[in-house]
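Here TrEMBL flags 460-562, 572-662 as domain 'SH2'. For 671-730, the entry in TrEMBL reads domain 'SH3'. Sequence annotations record features per position, and here TrEMBL assigns domain 'PI-PLC Y-box' to 800-910. Per TrEMBL, domain 'C2' is recorded for 904-1029.
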Amino acid sequence: MARSGSGEMTEYKKIVIKRDLEMGVVMTVFRQKAERLTVQVIMETRQVAWTRTADKTDGVDLSEIREVRPGRNSKDFERFKDGKDKHNDNTCFTIFYGSQFVLNTLSLGDSVDEAQKWLIGLELLREETLAAPTPVLIEWLRKQMYSVNQTKKNLSVKELKALLPLLNYKVPGSRALKDKLQEVGVKKDRLDFEQFHKFYNLMMFEILDEFKREACSFILDFQRFLIYDQKELWANDLNQVRELMTIFIDDTMRKTNDPEFTVSEFLSFLFSKENSIWDEKFSDINNLDMNNPLSHYWISSSHNYLTGDQLLSESSTEAYVRCLRWGCRCVEVDCWEGPGEPIIYHGWTRTTKIKFEDVVKAINDHAFVASFPLILSIEEHCPIEQQRQMARIFKDVFGDKLLAEPVEQLAEQLPSPTQLRGKIILKRWNRHYCVISDDKLYYAEECEEEDEDLHCSEPWFHGRIQEGRLMAERLIHDYCAETGGQDGTFLVRQSDRYVTDFTLSFRTGRVQHCRIRSSTEGGHTYFLTPNLHFPSVYSLIEHYRENPLRCQDFELRLTEAVPKPDPHLQEWFYSNLSRGQAEDYLLRIPRDGAFLIRQREGEPDSFAITFRGDGKVKHCRIQKEGSVYLLGTTTEFESLVELVNYFKKKPLYRKIKLRYPVTPELVERFSPQNTVRALYSYQAKRPDELSFTKGALIHNVSKEVDGWKGDYGGRLQLFFPANYVEEVSNSAQTDAKAQYGKPHVLTLQHKEQDSVQFDLAAGSLEELFEWYQVAWDVTQREQMKQQEEVEKKAEVAMEMSDLVVYCQPRSKEKDRFSYSYKEVRSFMENKIPGKSRTKDFLRYNRKALSRIYPKNQRVESSNFDPYPLWAVGCHMVALNYQTAKYTQLNSALFSLNGNSGYVLQPEMMRSDDYDPHQEKKKVKYSIRVKVIAARHLPKPGRSIASPFVEVELCGHSEEKFKTIVYDNGLNPVWKAPAEPVEFSVFEPELSFLRFVVNEEDMFSDPNFLAQATFPVKGIRSRAEEELYSSSSQLRKKQAEHSEPFLYDTHSNKKINSSKFYT
């Protein structure tokens, strides 16, 4: 937050502001209702608190505050837009706090001066809290004491007994408790805070006896410990050792030239961030590493803007803010047509909608918490006018931040993060096709084809059948009638109702239908009954051909398969038509999009499609390979029917789709004798009628039951009155010769003015056709030119296109690695190039950008493992930040380089010799880990936690070990395994050391409590000795980068102060 007008404040002014906050003030608190409450900072517990009644105070820890934002910038204020609330924008502010992806808010309003004072004061206190060298135990103890009794300054023994289980500590027996209370000087069954503090120390030291032996009382003892046990080279400087000790000494009188540690103070050091395994040098940005091309970096990327799943959750500007403040440098903006303006939401789902302009403003406000370039991945579904609105909003809101021109016009590589500092780069993404089935959303990138399964080539698989169930029954009945088929005769088809499922139709006296369900839990499987899953439809069918299907009414095996009907029995298929005959057929029909498919002479597995395009006849070979029909060299289809249906929807040649099947009847209709001449002029009385003048020639006449139809003046197959015309016979050639001197006439008719026409006479049909072809080519080229202009505009507005400089999309042929450095390729996680293309993919990634996004089955917003994609140089591996799994690895990687969102890939990855598969075979070094102790673990439920720790090396391997379970959540000590565990590190740049604290419940099942993940590269290097260091990321560092994953997502318990050793 900018401290406007405050400048560099004096220490005195800071003290005054903090004192005022501690005194408190009555403010309007905006929650379910607007209330006037006393709000103050309680320094004893380091909390912002608001008082409801004399004995009821709610509070927010300063350590949990993520942002203090000025103005009416939260949803809390939206409930009070009815004019009753008189607070202006400059009198309000919001505290955003918490550790889940969706933050909690405390929205406040008062006077302008008070709002400004609190904005400055809270930011000061927040910064002090983050910079504090170690968690202050006194404040934690006061908070625990006040949680039981907010008004009194002491605790009764009864209240103490109630508090201990809440602290995850089992209440000692009556005699043991009485002895401890006597030891700390308790009288009259009440404890003041000093006695409570001593009681806490007794509990801690009782469990941590071994640390009494390690305790270093004097400065020289502590120096020896740092040098010989911790291998800290800087500890040779006694002044630095003295400075470190004074941080942990509570009593200022003991902060002398020869300081001494108590056992409690030594423990505080062991659990502090000063003893963390994290190397603080990686908390700073290495500016020397920011001068390579963008394609040399891993870039922190978010998949979307939702707060939960992909179907029903909330689209939120705060989701963008949360990601950006974490250091994310690539976010997705999914743009759709809205009422009068573009909107953002997950299309074709029930996720909520937010205004595009609100999103752009939120991005602008928070884009440069990390100052290096931000990439917006634009998925655009808007019409042309709203695209222009988008371009205008981008320019107006971002201003000079928006990159609209190349940094260097003649460059041959991407610019560096330093060159693009403070710039916003637009990346346009291709559209997706989506469909919803049950509670699942499936979506795929445009032009992307799914992999075929084994069942597709089987004769029993019929694909999608028209009239589904009825047609399946008819096919089975007909097959059994012809072959004498028996029970068990079957076929498989795609489900009529469920996109990803299939239907098994089989005979048991009558035809039965069973749904083959698909499941994505634990991998993609198929099943008829929930207790028996198969990896494919093929394996399911094979199983039931060998083993019986059982139900209450029958038990049978699948026997004979009903084959698919001959797909060639179509009106457009010819089994004995030569190439010359096919051309003759097509030449008779002056329609682009007319087509037929024929079997090539003497080649049973070879076919050809002959079609009209641009007035010319074209041929393309279709080769059958196994059960697949291959058009050209790359485009595969299950059948000729599928091929035809596909190109009826998609252009086959330029902009031309298959439209008119060339049947013998159609050829006959388009013969010359089907022409009539108008005896009288006629003006159409209905939209489906022709208008024509006397003498006009109407071609391609068909005599239907409900009237005659024909073509005239560019209008095709419209009705006209039969008594207004006469048929043209061969004598018409004589008439034409008499009129024009030549027997054949071609009439050119004005498209819009029927009275304007032009006749061309020819001496032969061949000459007439040449004239026709020239005229047709000219008109078609002009129509295509106009159509291309319209379609270009309909696809993307020039104003938007001009703003895309370095991230130009490429989805078609994206697995062919000829490329420009200015392009970007987006891949679904399971569609990246295979292992055989790894070197090509690596070579591409050194020069141009790639982005990977989750596959379509991840409806619950789950994540994929980013490691394999980072290993092949993928830059933007987009994860769902609202989901914990694998986002922890992402947070760990990007904690390097000061959480800037850019991490330079190792130089070896830019070498032609680099092979990620070979790197996994070379051990670079080893890490020895021993987990010793923890404290202040969260309490998962009513019972006291029984925690254990799992340690794993993530990345190229999944090595893992775990401690024994210990029935204590306040201060557990794990004495087994007794020896450190050793991990082999193959790729230090992409290996992560992860600690997970679980608790074992009454069923011996693990429940998540906390985690901390460190990049191996960021661990402080020490000699091969046992390490005594704590994961203080669980307090400050992870609070900024991955703290949402340090909390139990079910109980929402806090674990800021939990530590463990490695």
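Just so you know, the numbers here start at 1 and follow the chain as drawn.
Just so it is clear, glycine is given a Cβ too, placed from its N, Cα and C backbone atoms.
Mapped onto DSSP helix, strand and coil, the domain 'PI-PLC Y-box' (800-910) counts 36 helix, 21 strand, 54 coil. For the domain 'SH2' (572-662), DSSP puts the residue distribution at 19 helix, 37 strand, 35 coil.
Per DSSP, the domain 'SH2' (460-562) is made up of 26 helix, 36 strand, 41 coil. According to DSSP, the domain 'SH3' (671-730) comprises 3 helix, 29 strand, 28 coil.
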